[in-house]
Structures are given as C-alpha cells and as structure tokens.
C-alpha cells in the first residue's frame, strides 16, 4: 500500500498534467478546426446560403474517412507522420497531435449538427434583414447553437480523455500510461483503482460544469 | 398610382426527391405604393412562396420581380442585401433569436442596416416604443407572450425604415384578441409611416379588417384579385366562394335543423346599406307568408357591409294557393337582394358536411328523416 502511495506521489502529478495538456490542446485544435469544417459543411448544405454539393461531399467524405478509423488504428497510422513532424512520437506532444487529428472530424460533426438544428425560420428572418453572411453566422446561428455547442465540447473532452489513455499505452505519457505501466504491467492494483476513481470523478466534474455552462446560455 | 411591387408572370418549381412541385404558376400582380395588399387562400396554395419572392428569399424559376419598376430578379450579394434592408419581413413563427434579448434581436437588424453601434440602443428604444413594448429591451423572447413576440419581430422588421413590410401569416399563431392588436399596429404603421404592406393569410377576418386589395390563390395560381370588398361581395371563382362561404357561412344551428317547420329555406345576401328588415316584413305581409329568420350575420369590409340572412319562407294559406304565395314571395326576394340561394336538402347537407360548414352529417340526416315523417 505504501508502494501505491509512493508511485502516485511520484508520478501522478506529471501524468495528470500530461493528460491535461494533451486533451486541452486537442480540444482547442478540434474545436477551432472542427468548427471551421462544420461551417463549411453547413453553408454548402443550406439552401439559403451557398449550396455546393461538390464541396459538401468532399469535406464530408474526408471527415467520415478519419472518423471511420478506430482511434488506436489512427494512432498507429499517424506515428510516421508525427515522427516526421516532431521527431519522437512517443511524447505528450506526439500524443497531442494524434488526439487533435481525431478531435477535428469528431467535433466537426457535432458542431454541424448543432448548426443544423437552428430553426430555418430564424435563418430566413436573419437573411431578410440584409445582414451579411458573417453576421448571420456569428449573430444569429451561433448564439442559437451555443448550448448544443457547449455540450458537444464536453462530449469531445470526455472522449479525448478516453483516447488519451490509448496514447498512453504507446508511451506518450499521461494517466493512462501510468495505469498501464504500474497498475497493469507491475500489478499495482492500488494505482489502477486510484486512477479509475480519478477518471470517474474527472468525467463527472467535466459533465457537471459543461451542463451548467450550457444552461447559462439557454434562454 | 405607381406600382411599388410587380410580380410579372412568376413561377417557382421545386425539385424534391424526384418530384417536381410547381409551387407558383405564372402569377402576376401589382402592389401599389401605400396600400395593404392581401393574398389569401387555403394552406398549400403557394402564398408563402409568392411573398418570399418579393425579397428573393425564393427565386422565381421564371418571370420577373420588380420593385419601383426596377427588375431585381437577378440581384445577388451586396445589392441584394441592400434591397432586403428596405423590405421588412414578419413571420408566423416570429423567428426571433431565442438566446438573445429583445434589444439584441432588433440590434441585429440595425447592425445589418449599417447603423453605428452608438446609435443602435437609442433606435431600438424608439422601435420598442412604436410597437408598445418599451421596457422589454433586456427581456428574452421566452418570457414574452405570442403577441409581444410578434411585436418584437415587427420592430425588427421596421428597424431600417423599410418602405415595404411583408407579413407571412403574421397573426395565424395568435388568439383573436392579440390578432386585433397586431392588426391595429400594422394599420397604424401603414397610415402613419406610409409603409406598403403585403400580408398573406388564410384568415378572412384579417382580410376583412385591413386589406385594401386582395388576391386569392389556389394551387399556385392567382385565381382572382381586386378590391377586398368587391372580391368578397362577388366572388367569381369557386375557391373564393368556398372561402367566403366559410367566413360568411350558412351555419344553420344544428339544434334547429330537426325542428324546422315545413317551408323553403333560403339564403339571402345583401351588400352596401341595403335595409333588410323592412323588406322581410313587407314581403311577408304583401304575400301572406311567414318568414322566419333563422340566421343573420353582417360583416364589414372596411366600411362596407356584407349581410347574410337565412330565412324559412312558409305558407300560411293551405294547399295550392299557399304554395303560390311562397313562390311569389321568393320571386320578390330574388329580385331585390344581391345574392339569393335556395338551400335544398342537398345544400344544407353539404353545408353541414363540408369542412367549412361545421356540423356532423347526422344533423342533416336527422332533418331528412323529420321531413320524411312530415311528408308521411
């Protein structure tokens, strides 16, 4: 038992930090680029804006293609690419890149559906004011989609937290890594249990905070 | 007067899942500066599509849209946005940004219209006062009633001082009392601000109250148009007749039908200031018949009334001579009133049976049975 405490004291802080940076970076990248893709998907589909079947199909295909790979396989496929970019893929930075690439199409679909749920009548009203596209998206579509958008971010963060454990197994660090290395490979059940509890609490906390935030923007 | 809006032989065709739907077929109309022009018809007639062409939310597949005589059909980008700023649009479902305050909803339009940020709040306040909602600037739409939401959307539509206001079933989601308030507001906007209004609705109450002229649509075709009173006083097309019938309606109270004494059931319609009661009593005493008024209704279109009376003309004398009295009385009525329609069994049954007549079929059947009993 003292071993468990020792291991946790020594490694948990760093592992937690690595997980947070990986998930944090991937979430930011995923939300930014995913939203951009979602806007493209949305605009090329909506009748009132700039319907463009070709662009919609191509972007949709790429998004689906990445999403169709199980994360572990995507990770393995990406290793050479990451190696090319930053040298050593088995680091938190490498993990962050892999997670980001998974996060972008994941969030793109979530954001697209948040936009698509906005009442088309509202769009007609916004278009009727003579507002330019940018104002319609930022001033009408986005505020309406914001609560779903926030829930989507929560979903993304929680999924990425799960994926980050897989990144850990190939040696990129984080609490997943800790759990596998000590809890599984070295039979330190205490470490495993501690990390399971930690993960459960973390996910609950993120969900709770996200729900509250989403509610704040719902009127 | 010059036409502010001209639809010149416009058609709209949708392609949906292999089907081709002609929503509007070769429609033409002219709306004059400063009037309230109505488009009525049953739902699915193509009214919404037609009105959406005026600000090009819907593009005509063929034909031209002219505003102030200028062909706008091909406008895109900046010039189209500029045009839309001068045309307000009010929707049935209000279409407000739910997650933005009333003030922000109106400021959205002001921003689109290029009003500098510093002046937006002041102008928003002005608009809210105009629609009778000052003090609601920072409320969210969800806290407002239907009528209040529609007032906000009217304020938004008026933000950039449009010359045209398009209303798509703007009162159809509201109760009667609220509708009155909104109509009064629109009428005021029309007279005080000189805004030309195009209003589409399936509610004839609305048409009756505020339309100067009206077009009737069915299956994408404009089947009739003209001054509101003329169109409704003398409907030519059978769909218009059905609309008017539903509104002015025969509606013999169901309860009465089985109790009707033997006689001839007639629907009389008059317009203008025709004095009616003296006619009924004069005919009654001149021909020695009993005339029972079963149903009466007067609807005003602007200041002009259209009246409907359903009367039962019955003989007082017995036999052949009584029957002749009734014939003479009916002849005089026919010659005097503007609309004369004898309600045969079939007509009554149809009126009660049709979706506009209201009553269940059994009432008409009951009447038949009663009459058969009388005949026996």
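Quick reminder: no glycine exception, Cβ is built from N, Cα and C everywhere.
Annotated domain 'ABC transmembrane type-1' per TrEMBL: A:16-210, in sequence order. The transmembrane segment feature in TrEMBL is assigned to A:22-43, A:55-84, A:90-108, A:153-175, A:187-206.
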Beyond the flanks of the transmembrane segment (A:22-43) by at least 6 residues, Cβ under 8 Å: 49-50, 55-56, 59-60, 63, 92, 95-96, 99-100, 102-112, 114-116, 133, 137, 141, 153, 156-157, 160-161, 164, 167, 172-174
For the transmembrane segment (A:187-206), sequence-distant contacts whose Cβ falls under 8 Å of one of its Cβ atoms, 6 or more beyond its ends: 1, 3-4, 7-8, 12, 16, 154, 157-158, 161, 175, 178-179
Contact set, same chain, for the transmembrane segment (A:153-175): CB under 8 Å, 6 or more residues outside the stretch: 12, 14-16, 18-19, 22-23, 26-27, 30-31, 71-72, 75, 79, 89-92, 94-95, 98-99, 102-103, 106-107, 110, 195, 198-199, 202-203, 206-207, 209-211, 214
Positions on the same chain near the transmembrane segment (A:90-108), where near means CB under 8 A and six or more residues out: 18, 21-23, 25-27, 29-31, 33-35, 37-38, 41, 62-64, 66-67, 71, 74-75, 78, 82, 152-153, 156, 159-160, 163-164, 167-168, 170-174
